[in-house]
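Take a look at the structure set out below.
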Amino acid sequence: MVPGIHRPAAVYVDLAAIRQNIKEEIKHLRPDQKLFAVVKANAYGHGAVRIAQEAVKVGVSGFCVAILDEALELRRAGIIQPILVLGVTPVKYAPLAAVNGISLTVPNLKWLQDSEPELSQNHLQLKIHLAVDSGMGRIGFSEDEEFIAANEFLLNNQNFNVEGMFTHFASADSSDDSYFLSQVDRFAHFKKLLKLKPRWIHVDNTAASVFNKRVHSDLVRFGIGIYGLNPSSNPAGPDLKTAIKLKPAMSFVSELVQVHTIHKGQGVGYGSTYIADQDEIIGTVPVGYADGFIRKFQGFKIKVGSEYCPIVGRVCMDQLMVKLPCKMAVGTKVILISNDPQAPNSIKKAADYVDSIHYEVACLLDDRLPRIYYN
Ligand SMILES: *Cc1c(COP(=O)(O)O)cnc(C)c1O
């Protein structure tokens with residue numbers, strides 16, 4: 001995919017906000033805790049390499065990504081800190097991870113048994129973290145016998161370096177702690193079964209950390225907080241209060257490329273879902289769902305100049321139209337998503353509008369939009 005550098009549309013990322021959010025979180029950590037910056041999915045749409053470089057400047061201890069390719073991208077960019085792949089990597093790529101000093105997640109005993117010959121043939125040692133499914137129902141050990149067998153398999157096994165053991169919470173962003181606490185108990189049970197001494201036993205994501213859940217975690221897998229967003233995802237509800245101050249880093253900005261008047265009875269967009277009932281001024285913005293700005297945004301108000309204007313008609317693949325209150329010049333700035341958390345077009349408001357969460361809105365903004373860094 002080529003980034004569109006010859007059209008007026010881009011995702012802007014405030015690097016001072018990124019650094020500040022990480023610094024605030026590091027200050028908030030307990031003395032023995034470390035921060036691993038989660039930069040999966042192109043750093044939640046913010047650009048993985050650049051965000052990782054900023055994170056290094058403010059002293060993070062390591063990184064988490066979702067897939068091996070994301071880890072390799074960081075290594076190619078010169079990132080030397082530990083990197084953990086949180087998802088399940090096919091065993092045939094275990095040697096590639098080992099050669100690059102990348103840590104992989106172990107989902108079950110079979111994964112260990114199948115990856116061992118791949119490693120031993122190549123005389124390699126792989127760094128691993130054992131995943132425990134304590135209630136997310138996604139990946140990891142969930143049966144005692146299998147976990148014990150994996151521990152025995154790993155004792156004195158030269159092909160593996162057991163660096164960590166972790167679990168992931170399904171509802172650390174909820175004010176109701178009951179399910180969260182059941183996961184804490186289940187994980188504690190697995191800790192008792194350990195026959196190894198991993199350096200990092202970790203459970204915290206952003207939510208568990210910034211909502212002060214009191215649970216032991218040697219490191220915090222700090223994701224959404226880096227980007228200045230509150231992890232509480234109460235749909236359309238008020239956010240839970242975070243223990244640290246977060247400053248959103250992302251804005252999505254374009255310009256009007258055409259402004260024209262349409263007359264009573266004329267439609268706008270595919271299917272003519274909007275029909276003018278008088279002479280109206282329509283502005284065209286050169287972004288659409290192919291940029292990740294989905295069709296559900298029809299009707300959402302974005303900022304054109306100093307006015308909030310509704311998107312009228314269906315969002316097209318590469319363009320969308322807004323109804324303007326008055327004639328505005330071609331080239332007028334359009335803020336589709338604001339980094340001001342109070343703005344009516346903040347990413348949280350945008351996510352509420354399309355029945356989603358800001359994580360998804362940010363990740364969907366794709367590579368056709370250049371990322372422009374400032375501060
Ligand atoms: C994505 C992810 C995180 C980070 O979550 P945030 O809510 O963005 O802080 C942490 N741990 C795991 C296992 C994840 O998949």
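Residue numbering: from 1, along the chain as shown.
Quick reminder: no glycine exception, Cβ is built from N, Cα and C everywhere.
The model shown is predicted, which means the values in this text are computed figures rather than measured ones.
Here TrEMBL flags LYS40, TYR270 as active site, proton acceptor. The N6-(pyridoxal phosphate)lysine annotation in TrEMBL covers LYS40. The substrate binding site annotation in TrEMBL covers ARG138, MET317. Look at TrEMBL and you will find 249-374 tagged as domain 'Alanine racemase C-terminal'.
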Item to check | Euclidean distance between Cα atoms of ARG138 (substrate binding site) and LYS40 (active site, proton acceptor), Å | outcome: 17
Checklist entry - Taking each of the recorded positions LYS40, ARG138 in turn and counting other Cβ atoms within 10 Å of its Cβ, which one has the fewest? => result ARG138
Item to check | Spatial separation of TYR270 (active site, proton acceptor) from ARG138 (substrate binding site) - C-alpha basis, Å | outcome: 40
Checklist entry - Using Cα coordinates, what distance in whole Å links TYR270 (active site, proton acceptor) and MET317 (substrate binding site)? => result 10
Checklist outcome for this item: LYS40 (active site, proton acceptor) falls, by DSSP collapsed to helix, strand or coil, into helix
Checklist entry - the domain 'Alanine racemase C-terminal' (249-374): mean pLDDT? => result 98
Item to check | Count of other CB atoms lying within 10 Å of the CB belonging to TYR270 (active site, proton acceptor) | outcome: 12
